[in-house]
Amino acid sequence: MAGRSSRPSDSQLGRGSGPPTVTFSRRTSSGRYVNLSRDSLDSDINSIEFAEYTVHIPPTPDNQPMDPAMSMRIEPPPISQRVEEQYVSSSLFTGGFNSVTRAHLMDKVIESETNHPQMAGTKGSSCAIQGCDGKVMSDERGQDILPCECDFKICRDCFIDAVKTGDGICPGCKEPYKNTDLSANAVEPGQPLPLPPTGGMSKMERRLSLMKSANRSAVVRSQSALMRSQTGVDFDHNRWLFETKGTYGYGNAIWPKDGGFTDDKSEESGEPPELLSKPWRPLTRKLKIPAAVLSPYRLLIFVRMAVLGLFLAWRISHPNDDARWLWLMSVICEIWFAFSWLLDQLPKFFPVNRATDLNVLKEKFETPTPTNPTGKSDLPGVDVFVSTADPEKEPPLVTANTILSILAADYPVEKLSCYVSDDGGALLTFEAMAEAASFANLWVPFCRKHEIEPRNPETYFSLKKDPFKNKVRINGLPDSIRRRSDAYNAREEIKAMKLRRQTVEDEPLEPIKVSKATWMADGTHWPGTWTVSALEHSRGDHAGIIQVMLKPPSDEPLHGTADSSPLDFSEVDIRLPMLVYVSREKRPGYDHNKKAGAMNALVRASAIMSNGPFILNLDCDHYIYNSQAIREGMCFMMDRGGDRICYVQFPQRFEGIDPSDRYANHNTVFFDVNMRALDGLQGPVYVGTGCLFRRTALYGFDPPRSKEHSGCCSCCFARRKKSASVSSAPEEHRALRMGDDDDEMNPSLFSKRFGNSSFLIDSIPVAEFQGRPLADHPAVKNGRPPGALTLPRELLDASTVAEAISVISCWYEDKTEWGNRVGWIYGSVTEDVVTGYRMHNRGWKSVYCVTKRDAFRGTAPINLTDRLHQVLRWATGSVEIFFSRNNALLASPKMKILQRVAYLNVGIYPFTSLFLIVYCFLPALSLFSGQFIVKTLNVTFLTYLLVITLTLCALAVLEIKWSGINLEEWWRNEQFWLIGGTSAHLAAVLQGLLKVIAGIEISFTLTSKSAGDDNDDDFADLYLIKWTSLMIPPITIMITNLIAIAVGFSRTIYSTIPQWSRLLGGVFFSFWVLAHLYPFAKGLMGRRGRTPTIVFVWSGLIAITISLLWVAISPPSGNTQIGGSFQFP
């Protein structure tokens, strides 16, 4: 185990009262757990001398003079650091509020053996020292590191003892060790390992310095060569530097706009035309929609707006005096529908399509150049977040397939890291991730060798309908964990009984109750949630957990060998990306903020462990379908102006949906019409998954050059003048702005926003620098020098992981701005929309990336009840947004007008349900009363109705033309708009009003990702009928309209003066309602041949009602009165 030396009282009263420390411990071969933390050691160990853990700071241009050409010669890390990283990756770190941080060294993570050298718990050779059960140190291939030429096998601890207490004599050959570098920085078991020091240059600051100075001379040489090739003469850098206002180094365009080249004859300044004419290939381009489609589309919008205005004016000026109440309700509803349509249609004026060029990306970032002679990848790092919360509703097999698709993605291995957030703290998820990491040893090289698509194992093998699809080891994990836990618990009970018999003799023994713990594969307690809940081991009460499943890969490619795998990977890079399991700490009394809180915990932990400048967010059921999807998104981030893009949103595509898409699960109208249209404004909204974020945008910073892009309302809202402190701030800090307050740029105040972790704060400017596009052209502003990201990564150490444990504790966010301005925003069940809104509100742009091959694919609920509950959650979040400060009416001037209209529609659309419910009952009320919304169906009304309908159809056809969807998808969307509007949206409005007025919180359950029990039918869930109160309004509307049609026909037939126009108007609108509700009615019928009993009950009630009406209308013979004695009110 390892422990933090800070006392509990220090954690409660203040943060950072002293740097926490970490100590290691080991398990013996007998399974006994030996605690070697300093607090619990015996008094006789106090004589041990504890040395301080120090970090060697290599010389850089910032702290001593150094030849720039030598700056790239980074010394390889010593053996001690690589061995410590191996130990860290095999340790399970736990800790949190009011508890010590422990690093439990695990000899195995899963029941089966693991062979990949990056895998936690990898089996290795045993130490040859008698009585030692330690494992021999190994390199990146898993081969033994033997410090002596005699090849005597010795573990790390025994080697340290031999160096320090045995005068450096090898226990095997009795000769002195020639290389004892391990002793310099080695940490003994039980020796405290402090967290990163607060004074001096931190690890992140040192890395930033190296990146910025590594290629300075190479950049100068490449610029000089460029000028020589284009002008035939050398460009005089010194003359330009001293005769203009330019400054030398990173952070400036090569020539500023003011103070560029000047001569004696002209006072005008500008950029050299030689560089402006340089051939430069962009990474992305806009594909304009043909004017033959877009121009009529825009014209039709104006035509329909004019027709709607004239129609509403005519309706208001021509009331129906015979049924004024019916006329008034219809007019109010029609006015709201026109307003709602306008909010939905206005943002669609500027739809765009985009394309990327992956060849240019490879040429710029992975091709040998003067600034990158080796051609090593210069792409920025990406941290992929996968979130899961309940292994019952989100099966671990689904999550494991998603993880494998990420590990096999076509992106530089050393630049990719995957973090799995298990918000339930379940051992089942932990071991499923370990099994996935073990299988990745074969799967990932297999994908690379054969370049297969997709790289999700389940999807790939199901292409040929694998008969063994459901027979996977992960499916047997719950039983395996249960049997193991039962066996260990039984052993503990026997031990307790034996101990009691030894202490108590000749007395009747009562049964001993031993806590039913959940046990890991190495025979120790699982620190997370137990199957049988106990104190500090329940779903809302457990310690924070971090396990590095796959340690970071080596910097250079590692090819397989013929003997290392059952498959031939001799020409394939077998390295795997880093994989980390994270379960944040949860304690009673804390608001953990559901998914948003889990994502923010991942943001902080990843910033400390890998600090990728970009974050890809995926749900556990959304896997990478296109292995080059990350590269596609990176094209936008690394292109000119990409530093102002906060995120790249990919469309959501779904599998396992019925061919007819009964409930519009594909949602193609939203993803292919609305989102493409928003891409032409300030960018699409964030929809929760399949999104590539810029880390600094998540941190709440403003985009670069925000003064130059202050929005369309900047002329109306004057900004106060910035003080001189802005220009005098360090260059890397000038790119980190928060609002209009100059003091907010000061990194010394970042702790008030980001918490007390100095390591996290130091990582911010590093992430900002790494996320900049290449400064390979004068037009690229705020760029970074080519080759700056080819430096090898920092190795993981225990203090780094311990710091990550501290930032995922439940108290870390107290008195910070996490969830308020920083990270995912709290306070709404649709935290995704609010988070994207906040970024757009600060002036950031987003981009919609539609790839030829779908980037990601996931699952969607095809069951009617699950689908309604999903829509209910979305609509409730929209209502919360409307009644919060995130309402688009309160947006800042940095947000464009039409973008504001789009966000306003997001908050308003659920309220349409109030008017839609009334309008759906109007046809029935019309048929019951014998009246209509207009006096008569005259030519004017019918003309307006025809023109409005035709313009709507024409707009739909043109939308289909430029978006690529088909007519059936558009019609399904219209149908479910009415189904959702009369059920889930209405409930969302009521729940939102309850929360605002009465403060009643609404809790939501996870949408189930598991399939039905019928394995023979892929769409078994489609026919399941699970009753919910959301079904009551649509059922009532259907029954009411059916009865009203029967009553209307009967009234007209038996009427003395039939009013056929009123009947036709009412029947037409009733059929319009019923046609939209047809999928809902079909869902209630269930599977053919399996009609539920409730359907027969409804049918009987309807038949009896109609029969009674018929008897009342057509009385028995002998009564000649038309209509009998039946009278309508």
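Every residue gets a Cβ built from N, Cα and C, even glycine.
Nobody curates TrEMBL annotations by hand; they come from automatic prediction.
Note that the structure is a prediction, hence the values are computed from the model and not measured.
Listed ranges 295-314, 1035-1054; the one TrEMBL annotates as transmembrane segment is 1035-1054. Only residues 6 or more beyond the boundaries of the transmembrane segment (1060-1081), in the same chain, are considered here, and those with a CB under 8 A from a CB of the stretch are 662-663, 864, 920, 922-924, 926-927, 930-934, 936-937, 972, 974-979, 982, 1031, 1034, 1037-1038, 1041-1042, 1044-1045, 1048-1049, 1051-1052.
For K393 (UDP-alpha-D-glucose binding site) paired with K595 (Mn(2+) binding site), the C-alpha to C-alpha distance reads 15 Å.
Residues 326, 329-330, 332-333, 336-337, 340, 343-344, 347, 674, 678, 681, 685, 833, 837, 840, 875-876, 878-879, 881-882, 886-889, 891, 895, 933, 978, 981-982, 985-986, 988-989, 992, 1033, 1037, 1040-1041, 1043-1044, 1066-1070, 1072-1073 of the same chain lie 6+ residues outside the transmembrane segment (902-925) yet bring a C-beta within less than 8 angstroms of a C-beta in it. Here the candidates are the recorded positions K595, D619, D832. The one whose C-alpha lies nearest to that of E394 (UDP-alpha-D-glucose binding site) is D619.
Among the recorded positions D423, D619, D832, the residue whose Cα lies closest in space to that of K594 (UDP-alpha-D-glucose binding site) is D423. When the recorded positions S387, D423, D832 are ranked by how far their Cα is from the Cα of D619 (Mn(2+) binding site), S387 comes first.
Sequence-distant neighbours of D423 (active site) (same chain, six or more apart, CB under 8 Å from its CB) are S387, T388, A389, S583, R584, H592, K594, K595, A598, listed in sequence order. In this view, D832 (active site) is surrounded by 24 other Cβ atoms within 10 Å of its Cβ, with every protein chain counted. It is K595 that, of the binding-site residues K393, K594, K595, has its Cβ surrounded by the most other Cβ atoms within 10 Å.
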